[in-house]
């Protein structure tokens, strides 16, 4: 009795592994878009508010205070991580495009993509988590250490910072997806 499914073509050679570089290129394009948008939103997060003081009458009743992303090391770390991710995604998009246009890609390039994507995923996840925790402290405060919430005063600033942290988390998920995709592609080529 003969089987109706064929694993090998008539010539006897194995079926070539699927070329997933089109998907890889698309994910890297999404990574660039998410990193650039998070970067722009973070850089534009500045707000100035007049805050009342409890000083005696000869002193001003209100003080003008700025909220900027530069005031927090966590947000500076997020800025650097997003900048590096933008640069990295451009470089790897070029490499992915070169892999699409070449007839066969080397397992060595796939291995380097897996390693570098994993490192970048770790950097982006840590930066997004750090910025998210500081944004949460700004939103809710911490009564145990007398840190007051500031998002009731600096609402626009908090929206920008929170949105940037959320989109950065999307960039980390895209990087993890790229690690999985490159690992699968490498596995299929080396089998």
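Each residue, glycine too, has its Cβ placed from N, Cα and C.
The topological domain 'Cytoplasmic' annotation in Swiss-Prot covers 1-22 (among others).
The transmembrane segment annotation in Swiss-Prot covers 23-43 (among others) and rests on sequence analysis.
The average per-residue pLDDT of the prediction over the topological domain 'Extracellular' (44-73) is 78, rounded to a whole number. The topological domain 'Extracellular' feature in Swiss-Prot is assigned to 44-73 (among others); the stated evidence is sequence analysis.
Taken from Swiss-Prot, the feature transmembrane segment applies to 74-94 (among others).
DSSP labels the residues of the topological domain 'Cytoplasmic' (95-118) in these numbers: 19 helix, 0 strand, 5 coil. Among the features that Swiss-Prot reports, topological domain 'Cytoplasmic' is placed at 95-118 (among others), with the record citing sequence analysis.
Residues annotated as transmembrane segment in Swiss-Prot: 119-139 (among others).
For 140-160 (among others), the entry in Swiss-Prot reads topological domain 'Extracellular'.
The feature transmembrane segment is assigned by Swiss-Prot to 161-181 (among others).
Positions annotated as topological domain 'Cytoplasmic' by Swiss-Prot: 182-191 (among others).
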For the topological domain 'Extracellular' (140-160), sequence-distant contacts whose Cβ falls under 8 Å of one of its Cβ atoms, 6 or more beyond its ends: 41-42, 44-47, 49, 51, 67-68
Long-range neighbours of the transmembrane segment (74-94), counting only residues six or more past its ends (CB under 8 A): 25, 28-29, 31-32, 35-36, 38-39, 42-43, 45, 113, 116-117, 120, 123-124, 126-128, 130-131, 133-134, 161, 164-165, 168, 171, 175
Close approaches to the topological domain 'Extracellular' (44-73) from elsewhere in its chain (Cβ under 8 angstroms; 6 or more beyond its ends): 79, 134, 150, 153-157, 160-161, 164
